[in-house]
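**Student:** Starting off with a structure, shown below.
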Ligand SMILES: NC(=O)C1=CN([C@@H]2O[C@H](COP(=O)(O)OP(=O)(O)OC[C@H]3O[C@@H](n4cnc5c(N)ncnc54)[C@H](OP(=O)(O)O)[C@@H]3O)[C@@H](O)[C@H]2O)C=CC1
Ligand SMILES: CC(=O)[C@@H](O)[C@H](O)COP(=O)(O)O
Ligand SMILES: [Mn+2]
């Protein structure tokens, strides 16, 4: 039996992961589940999957979880605090870790899994955005297997030759075509975007996702984060990645080779496909996803992105070219700005303003010899700076 820890089990990816795992009781055993503070959902998951451990980051929620599970014959050990995420990510009973916490809050547990040599199923793209070098090196040094869950990156992985880690040009890869849906405002007039509400921004046309990534898709910051994520995963640079708007989200990305071949991965937009792929790799197993009906799909459209509507995409390119702490500042400012937008404090269009001002006020620098310590310090500094910029905008 393969032992699996699901970090962020109460979120969109966490729930889809457990749906796939439940279809294969002969193959997987749940070792640990985790949440930030959603007691009701984590309690229900504990009753269903009987993990050894349940981590609740918030101590008050951990107390409530212990009470909720006290009647169980075989309750999990309930751990609390962010450090416990690292404990369960590295636990000896665990073989696979699904890293599905949202934001840079998922970095240290993802790193702990990589350092412990686990199979890391990486949904938490922000970990690679802020500390790609550190995470990739930790995986290599400790024999961890890092498999992308993000739909585009999983698609690219499926279309890559097995030797891609040696260098893309050496195996005939010319470029990566990274698809983007364009989100809910693909054709909106730029001047209409200031009036967008959080619920409108979270109404993604094709995917059911958590609110933070949904807003990122609407600003296309998600695609910017994904460019940086792809650079780390596939050992390449942004100029080898072309963003293609594909509104149906049926093609999940493509790889172009030097002989004129372009390989694509297609499927219905349902995250259980990449999750099942990474759980079973290098084999295949059922995911519960309906087969793609090409006749019902009928048309596949493609467009270039429109920069005026999506300034966040350009900010991500800028952070990628700055390197060092540039992506750390980009990500931290974006997390603060998105939270402020979702809380009704700033306008949708001010998300880009907060990120740009944060980047202007905090110049990027190379990550110093302390590595993770430096990254975490800049993350804190950038959050404080972005909060100040939000407060000034609120007035
Ligand atoms: N959803 C999707 O389809 C896709 C998601 N991704 C990536 O996967 C990750 C998860 O996304 P998604 O599932 O949509 O997010 P959700 O918001 O739905 O879920 C987030 C999960 O993380 C937990 N969490 C939130 N904050 C913290 C914290 N500070 N410390 C520890 N745990 C925390 C939440 O717990 P609680 O419920 O208690 O708040 C929840 O379990 C993101 O990085 C996203 O970019 C990538 C591709 C597709
Ligand atoms: C499902 C997934 O992988 C998301 O990251 C998706 O890419 C969001 O859609 P956008 O292409 O609109 O950002
Ligand atoms: Mn994606």
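Cβ atoms here come from the backbone N, Cα and C positions, even for glycine.
What you see is a predicted model, and the numbers here were worked out from it, not measured in a lab.
Just lifted these from TrEMBL, have a look:
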BINDING   10, 11, 12, 13, 37, 38, 124, 126, 210  NADPH binding site
BINDING   125, 151, 152, 181, 204, 217, 222, 223, 226  1-deoxy-D-xylulose 5-phosphate binding site
BINDING   150, 152, 226  Mn(2+) binding site
DOMAIN    4-132  domain '1-deoxy-D-xylulose 5-phosphate reductoisomerase N-terminal'
DOMAIN    146-234  domain '1-deoxy-D-xylulose 5-phosphate reductoisomerase C-terminal'
DOMAIN    266-384  domain 'DXP reductoisomerase C-terminal'
**Student:** Counting by DSSP, what is the helix, strand and coil composition of the domain '1-deoxy-D-xylulose 5-phosphate reductoisomerase N-terminal' (4-132)?
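**Tutor:** Reading the DSSP string over the domain '1-deoxy-D-xylulose 5-phosphate reductoisomerase N-terminal' (4-132) gives 60 helix, 28 strand, 41 coil.
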**Student:** Centre the Cβ atoms of 125, 151, 152, 181, 204, 217, 222, 223, 226, go out 8 Å, and tell me which other residues of that chain have a Cβ in range of the 1-deoxy-D-xylulose 5-phosphate site.
**Tutor:** 150, 180, 213, 216
**Student:** Filter the binding-site residues 37, 125, 210 down to those with CB closer than 6 A to an atom of ligand 2; keep them in sequence order.
**Tutor:** none
**Student:** Tell me the Cα distance separating residue 152 (1-deoxy-D-xylulose 5-phosphate binding site) from residue 10 (NADPH binding site), rounded to the nearest angstrom.
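**Tutor:** Between the Cα atoms of residue 10 (NADPH binding site) and residue 152 (1-deoxy-D-xylulose 5-phosphate binding site), the distance comes to 23 Å.
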**Student:** Checking the contact step here: among the binding-site residues 12, 37, 124, 210, which have a Cα within 10 Å of the Cα of residue 226 (1-deoxy-D-xylulose 5-phosphate binding site)?
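**Tutor:** The binding-site residues passing the 10 Å Cα test: none.
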**Student:** In the domain '1-deoxy-D-xylulose 5-phosphate reductoisomerase C-terminal' (146-234), how many residues does DSSP assign to helix, to strand and to coil?
**Tutor:** 51 helix, 11 strand, 27 coil
**Student:** Scan 152, 204, 222 for binding-site residues whose C-beta lands under 6 Å from an atom of ligand 1 and note them, or write none.
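**Tutor:** Cβ < 6 Å from ligand 1: none of the binding-site residues.
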**Student:** Which residue, out of the binding-site residues 10, 12, 124, 222, shows the minimum number of other Cβ atoms inside 10 Å of its Cβ in this structure?
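**Tutor:** 12, out of the binding-site residues 10, 12, 124, 222, has the fewest neighbouring Cβ atoms within 10 Å.
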**Student:** At the Cα level, what's the spacing in Å between residue 204 (1-deoxy-D-xylulose 5-phosphate binding site) and residue 210 (NADPH binding site), rounded?
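**Tutor:** Here the two Cα atoms are 10 Å apart.
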**Student:** Among the binding-site residues 10, 37, 124, 150, 152, 204, name every one whose Cβ is found under 6 angstroms from ligand 3, counting any of its atoms.
**Tutor:** 150, 152
**Student:** Relative to the Cβ of residue 152 (1-deoxy-D-xylulose 5-phosphate binding site), which residues of the same chain, six or more apart in sequence, are found under 8 Å away?
**Tutor:** 178, 179, 226, 230, 252, 253
